[in-house]
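Visitor: If you scroll down you'll find the structure; I have some questions about it.
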């Protein structure tokens, strides 16, 4: 096993080096700034947003980096690697998405002109890839994750270009179809191709204890704060943005209440878990991705959010076992229930609203939301058919792309050994444990017990925390290392003492 771990580290380092050098060369040859007043920028590409658009870019970036990163860190056995892998995916996906989308949308006179708009598009692409990784979390190593990101970004950009550029689908501002649906089913198909019979017999580890709740709470709060900006970041300006924000908030509220309605009926636990509320929150925003800037009306947003909030509990209760046993598809984070099915519902809702679009209902906003209908180039029925036809196209590209990506990841030299548990943690966890030993944190069982008490002292609310072992005292970096060690000790203690099963309601951002 040490030899395998060494080889994995070298493969990861080599692939990161090659990919970064390759992107640097491409950026040097093709990528240029597109400031609004730059005389070198062609006039048609001077789309750099004003300063008022920059907060939206900031919110989208925070949502992708922190929201999604925290939402994949709720499983205790996966946490040592999932957060780091999320940051690795974001770091590479943004660079690669700028290039691929630049060649499709922002390429003129042999150059790619980038600004805040192209960075927001890259963040949306990154979100779809992070959703896909939720289906295979725990069964692929970092090298495979990087290759999945490379192919996933490319396929996402092609699908988006076909839908928005060639089929003239109305704006999918929040990504019900392009982000949630494509990301979920692309990841599920990769998971199906990577299925190994012996993996199906092993129970997926679930987290028990307070740390999972902490991550779920913080991740859910980030969703509530930043996702309305995520949905409205690419909406047309003037008066169209407030509709997307309001509809998303109404959907979030209704989907959360739907969880409290259904979960007590399906499960015997006396209290709800934060991860279940997190699932409902994600479903609520997924359903409003396409229809957010349309005339949903407030009560329509509440109805759609409530229906979407019912999907995750029912899906985890009835559909997930079928996926695992009959279809041989393991869905670690439940992306099918939280992103895939709500994304399908959101696409159907957007199709219905497109068919009902009239100048009397939308007024001057019709030209902003459905420009071709307002200009008379096509009828509302034709627009609705375009929206509907985009769904099978997306599912087809996601399925074929997932098969191709799974076949690449299944190459013998890239796979982890069959007896490797949680391969995404192998490289990162060994480095973390080595640092613990360097600090003397694994010196004795007594020290480990004291660390556990230090982490969980607030459970019994004492007047002051118990005395901690003698630890090296340095600056804030050392303090962070000690805090990480305390968290790890708490997780190990909770795993040893866990005696009850938690419902499998875990999910990804």
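Any Cβ shown, glycine's included, is placed from N, Cα and C.
From TrEMBL, here are the annotated features:
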- 55-411: domain 'Ammonium transporter AmtB-like' (DOMAIN)
- 12-33: transmembrane segment (TRANSMEM)
- 60-78: transmembrane segment (TRANSMEM)
- 85-108: transmembrane segment (TRANSMEM)
- 120-138: transmembrane segment (TRANSMEM)
- 145-164: transmembrane segment (TRANSMEM)
- 214-236: transmembrane segment (TRANSMEM)
- 248-267: transmembrane segment (TRANSMEM)
- 302-320: transmembrane segment (TRANSMEM)
- 341-362: transmembrane segment (TRANSMEM)
Visitor: Any chance the transmembrane segment (214-236) and the transmembrane segment (145-164) are in contact, meaning at least three CB pairs closer than 8 A with a sequence separation of 6+?
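Guide: Answer no, regions not in contact.
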Visitor: Would you say the transmembrane segment (302-320) and the transmembrane segment (12-33) are touching, if the rule is that at least three C-beta pairs must lie under 8 angstroms and be 6 or more residues apart?
Guide: no
Visitor: Determine which recorded stretch among 85-108, 145-164, 302-320, 341-362 has the most C-beta pairs below 8 angstroms with the transmembrane segment (248-267).
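Guide: Going through each listed stretch, the top one turns out to be 302-320.
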